[in-house]
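J.: From TrEMBL, here are the annotated features:
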DOMAIN    26-208  domain 'Glycoside hydrolase family 31 N-terminal'
DOMAIN    250-573  domain 'Glycoside hydrolase family 31 TIM barrel'
DOMAIN    581-667  domain 'Glycosyl hydrolase family 31 C-terminal'
DOMAIN    683-744  domain 'DUF5110'
Amino acid sequence: MFGKIVSHKVEDNKIHLEFEKNKGILEVINPMIVNVFCPLKYNNHYSRAVENLNIEQCEILVQEKGSYIEIKTEALLIKVYEDFKVDFYNIEGKILCEDFREERAPFIRRGTISDAQDEGHNVDKQAHNHKIEVVKRLFGDEKFYGLGEKTGHLNKRGYYYEMWNTDDPTPHVESHKSLYKSIPYFITLREDSTFGIFFDNTFKTYFDMGKENSEYYYFGAEDGNLDYYFIGGNNIQEVLKGYTDLTGKTPLPQMWTLGYQQSRWSYSPEGRVKEIAKNFREKDIPCDTIHLDIDYMESFKVFTWDKERFPDEKKLLNELNEDGFKIVTIIDPGVKKEKNYDIYETGLKNGYFATDKDGITYVNRVWPGDSVFPDFSNKDTRDWWAENQKLLLNSGVSGVWNDMNEPASFNGPLPDDVQFENEGRNTDHTEIHNVYGHLMAKATFEGIKKHSGKRPFVITRAAYAGTQKYSTVWTGDNQSFWDHLRMSIPMLLNLGMSGISFCGADVGGFSFDCTPELLSRWVQVGAFTPLFRNHSGSNTRDQEPWAFDEETLNINRKYIKLRYSLLPYLYDLLWSGETTGLPVMRPLVLHYERDKEVYEINDQFLFGENILVAPILEQGKKIRTVYLPEGQWIDYWTKEVIDGGKYILKDAPLDICPVFIKKGSIVPNYPEQSYVGEKDIKELTLDVYPGQGQYVHYVDDKASYNYREGEYTLYEFIMKSDEKVAIDINIKHEEYKAYNSFKVIYNCNTIKEISFNEEKLDFLENNNKIEFIIPAISGKLVIR
Ligand code: GLC
């Protein structure tokens, strides 16, 4: 495809390579990140994911070394050979990533396809070659993480996936090659090295992570440019930071979005919505959000209300808002083809809809019947769609849920030849399909931002790399299966490893009927997932916290309340994620990558760095093994201190989800509230697990963008432990009126004396902990 290197030329950070048959560009983005590019379709990068490429002026040394060109940055050594083979080494010369030089050699598939097909089996065909293909050597100890929302396990080695946003209502199982999102990004980890690859190509892409041969792995595409980023780093966290520096960080959301959310297809008419809201308050279950699924609309026409079922939506939403409920409404892309329907007529008049190849507005069937599809690749369409959000906001809607935006239709994916404007580079559906949902979410985000001034809350089903900037995601139509509860964990963890921190799965499962035990165990996981939403499908059994029996209700209440107490900690995680790119829900490997034991842990996760969650994921199970990594851990329920670096057995009756806190942690807690903002919290509880540690707590108005102008307060806690424990409290930044006092819950009961700024304090002894109150000012707390 490329042939020999003919010449090369260095221009700033770019190395232009002239090959016999093609040209290539290597661009040093910063010492750790390098872009490999060949303009096979377009001369430039037209990325939908990388919107503000920040190219660092850095030293690079380029030398011709006979058969190859050598490029050195401060951190990497790169060798480019004929056929545009590129090998990456660290600066000490250790190979990190090597292009595979031999022909691909797929394993042999024996037997006949047709016989198996005759019996109705789905049969994998031999993999084919792609127009663009990058084949890399697979090292024996290499593991893969990321790839967005895929079924299966945490480590993707040995599996094959495709990136083609897919709405597949059949139960999600390991053989699904694709689901709703396409995030062509993965991280590799070896015993002593790690890096990431982001293949920025929106066409259908293919990722074989060593399935067809254990000597290599490859990624490929049918069309588009060869355009991938090699992202180096000293550890996985740095790689993830590099990737999110490119594609964007999950922004800090409004705090209410982190509360509990209740959904169902559908709460309608308005009486049913009121009844749901009333139940939450009466049964003392905190809840911030109720979702309205498609039936609130008139004939499924987006941006309308069914006036029979919702005669006065403004009044209804206003009443609910006053009771502390935010309303999120679903908006699908399909616009009903109907004369005199304003959205349809305006879109049609302005050419905002996708067309067929003859330029005629393309029509397919979705909920409203014959529908047309906004061309979100066109900026004018996006601006118009953004303006439409005003209609929802004016009714009192607080967030928008974007669905069916793969785009899905009742006849499967749109045909390849549907036409899109693509910012003046007219193209067809094969290029836009994977970014359609991403662009819809972007338009929605921008509209809500402009017209509410607050941090928008958008949920999308379809996504591409970078969607985290605009929207939270949920993992689509799972089922009320134990297997789906189990699978949701590696799925969400890999979404987090792919930059999407704010994500969740339908708690309780969407299709099929949930059971009391399954809901009890699912809410225990949901309490620790960033998006905490119970949602279920049409015609399934009721699944609200009270829908089963007293025991299930109590368990739901217990974990939803636990979630509300942890809100300040969760909010801190999202705030710090704006800088680090680290997700809320983390595989253990993200913090313990030198511990081989954690590479394949699918059924435990970290909630931030210091809380380890090991839920029960099987029916009937009341005990499980838990792996605790190095250090000491405190059982959240019993306060027992346990040495890590080993497996333990933990009893877990139905109301217990095993949770462990790392020694040296300070976890901020809120008092009980029915919804975010119910109370003006002037006293923050600090749940302290004595040891060495550091914690930063962040406070702002929980909703606006004023924090970006400095309106926030930052508390830093540095805890040191020898014969006494000393906590230095420093207010690092103070431009938001936060707390008057801290209530300290100190998890140890062998205390003789406590002083704050050298003044002795009274304390209360309570089981295996003590409690006392200090003013929320800078100072030194000493506990002996
Ligand atoms: C899709 C969504 C689901 C929603 C339903 C009706 O199946 O994934 O969440 O409830 O459509 O809108």
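The backbone N, Cα and C atoms fix where each Cβ goes, and this holds for glycine too.
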J.: Pairs of Cβ atoms less than 8 Å apart decide it: which stretch in 26-208, 250-573, 581-667 has the most with the domain 'DUF5110' (683-744)?
T.: 581-667
J.: As a quick check of your reading of DSSP, tell me how many residues in the domain 'DUF5110' (683-744) are helical, how many are strand and how many are coil.
T.: 4 helix, 37 strand, 21 coil
J.: What is the average pLDDT across the domain 'Glycoside hydrolase family 31 N-terminal' (26-208)?
T.: 96
